[in-house]
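Asker: I am attaching a structure below and will ask some questions about it afterwards.
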Amino acid sequence: MPAVRIDGKAFAEQLREEVAVGAAGFTAETGRQPGLAVVLVGSDPASQVYVRTKMRQAAEVGIASFPHLLDVGTGEAELLALIDSLNRDDNVDGILVQLPLPAGISEAAVLEAIDPGKDVDGFHPYNVGRLSGGKPVMVPCTPLGCLLLLQDRLGDLSGLKAVVVGRSNIVGKPMAQLLLNASCTVTTVHSRSRNMAEECRQADILVVAVGRPGLIGAEHIKPGATVLDVGINRVEDAQGQSRLVGDVDYAAALDLAGGVTPVPGGIGPMTVACLLRNTLTAAKQRSNK
Ligand code: GUN
């Protein structure tokens, strides 16, 4: 039986509607909208698209966004000064610094400068620690989106075997922590793993976040597994047309898996919806509403 196409786009829409209701309630109670500062350094085209999408969707759910689009030559001290001023700004509930940052700016220094209460990406060491201690406060958006889709599809994840492909700080590591917190048996595989296909074939849940088109094929998928494809890769097809694909061979996954997320329309929309949800959470926590 072919796999179910897991519709992240539709689920994200539902999530945004819930955030819109919460944001309207917050605004009625406090007299101001929840606020999200979005910081982009440089002009990386993909980052520009992501940042624009985040701000447009924020506006659609009643979250005020404060864009800070900085020149690629911006220095670390200037960026840290901006973050300091956003930390102090009472209209700003969430601060998002789009990654990657240009060479010469320390990502760690920047992420550590963000007030953990406004860290809607969940990248500050305080929030990383809270997650690994099993008491998360602000959870990274992409793994949170994956978890919500998995719980929606599978219910209780307890005891399931989960394999996470990729060990980035943004997706792989927090994803593994979330799945462990949900009582899965978790394995992380990465570029140095010796038996990747064999490990992946054990997985009831396979989350792939590497950024390599076609990395995962039929030989990696257990029949009936739930496959979440986090990769977003721009490739040229035989006609020279540019299109987006994930890390998973979608046709192979459709054949074998129980459920699979498409690219685009799978995890991508969930990431943005979870950012908006985190911003509302931060706003409520800051004002004790
Ligand atoms: N770059 C790629 N993904 C993300 C993300 O989730 N948050 C931020 N801040 N930058 C990113």
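Every residue gets a Cβ built from N, Cα and C, even glycine.
Unlike curated entries, TrEMBL annotations are predicted automatically.
Feature list, courtesy of TrEMBL:
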BINDING   Gly166, Arg167, Ser168, Ile232  NADP(+) binding site
DOMAIN    6-121  domain 'Tetrahydrofolate dehydrogenase/cyclohydrolase catalytic'
DOMAIN    140-286  domain 'Tetrahydrofolate dehydrogenase/cyclohydrolase NAD(P)-binding'
Asker: Need one number for the NADP(+)-binding residues Gly166, Arg167, Ser168, Ile232: the maximum pairwise CA distance in Å, whole number please.
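Answerer: So the binding residues stretch over 16 Å, Cα to Cα.
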Asker: Filtering Gly166, Arg167, Ser168, Ile232 (binding-site residues) by proximity to ligand 1: which pass a Cβ cutoff of under 6 Å to any of its atoms?
Answerer: none
Asker: Count up the helix, strand and coil residues in the domain 'Tetrahydrofolate dehydrogenase/cyclohydrolase catalytic' (6-121) according to DSSP, in that order.
Answerer: 62 helix, 18 strand, 36 coil
Asker: Using DSSP, how many residues of the domain 'Tetrahydrofolate dehydrogenase/cyclohydrolase NAD(P)-binding' (140-286) fall into helix, strand and coil, respectively?
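Answerer: Computed counts for the domain 'Tetrahydrofolate dehydrogenase/cyclohydrolase NAD(P)-binding' (140-286) are 59 helix, 30 strand, 58 coil.
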Asker: For Gly166 (NADP(+) binding site), write down the residues of its own chain that are at least 6 apart in sequence and whose Cβ falls under 8 Å from its Cβ; none is a fine answer.
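Answerer: Those within reach of Gly166 (NADP(+) binding site), by Cβ under 8 Å and sequence separation of 6 or more, are Gly172, Thr188, His190, Val208, Ala209, Val210, Gly211, Val230.
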Asker: Other Cβ atoms within 10 Å is the metric here; tell me which of the binding-site residues Ser168, Ile232 scores highest.
Answerer: Ile232
Asker: With an 8 Å cut-off on Cβ-Cβ distance and a minimum sequence separation of at least 6, pull the same-chain contacts of Arg167 (NADP(+) binding site), or say none.
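Answerer: In sequence order, Lys173, Thr188, His190 meet the Cβ cut-off.
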Asker: Limited to the domain 'Tetrahydrofolate dehydrogenase/cyclohydrolase NAD(P)-binding' (140-286), I'd like the whole-number average of pLDDT.
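Answerer: Mean pLDDT, the domain 'Tetrahydrofolate dehydrogenase/cyclohydrolase NAD(P)-binding' (140-286): 98.
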